[in-house]
């Protein structure tokens, strides 16, 4: 008993349209969809063409990965009222298994040869398109990968930062070498200059200056003793020098340990008197009176000694004469040699005070 499927009015109408308007297909068009016609039910010449170029889910090459799987029939569209021609579809599919050997899909029914050499896969280099001006959400927006690649890389700054970190110990060592007591040499030099300037200013005001001494007059303190009746002639007495010390150059009082004085004759440069002062303090920016006691003594073996004659004529006993000018007393031209011993100064200062026309004091 033969079974014939019921006729489908929709299929019949489609068949009439196809017969009235023939469609020309390309031979190698893998994407075209061919609707099945009622002629698929009967094994004819067109079944081979339709089975080879079918694009239904049942004809996919994935169904051939497992031959024992049960395939389900499928039409060109899902019709809930259409009856499933399972037997006819299976018969047409099984009869055309060998015709779909050249499927373009990635999953095929070909047997894989494990000994076959695998061909290398080459990935073409992709060139990112130019950045669009549209904002986020646009269809022309660049992908996130492109945006990340187009951003300026921060890797270039990392080596510099690492280099700076690696060079920090060396920089610290250099800074430590350039420092003394925790201070830079420039700071030390600046502080030293300020310190020197302060010392210079203090020194200017504190450093003692030698006072200027002048001789006012001479007092005869003791009696004059002259010896002329022996082979050795001598003369001795005591003077008191009244002098003025001008300490106007000093800003602070001057502490003097002592002042040594020696008297010489200007004609012969022979010393005939010596004296010294006790410790004293001269006020600053003022003049002070200074008294210096002097011991006068000179002796000579020659009666014609010039120094002895000058002292005797100026200070010795004069012989009374009837001639007035013979009784006139001579004067002395002397020089005072002063040696200052000032507190706080190791060395001594020497000054000379000349004096002409000294009248020798007599009783």
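Quick reminder: no glycine exception, Cβ is built from N, Cα and C everywhere.
Per TrEMBL, the listed range annotated as region 'Disordered' is 1-30 (candidates: 1-30, 31-60).
The transmembrane segment annotation in TrEMBL falls on one of the ranges 158-182, 183-207, 208-232, 233-257, namely 183-207.
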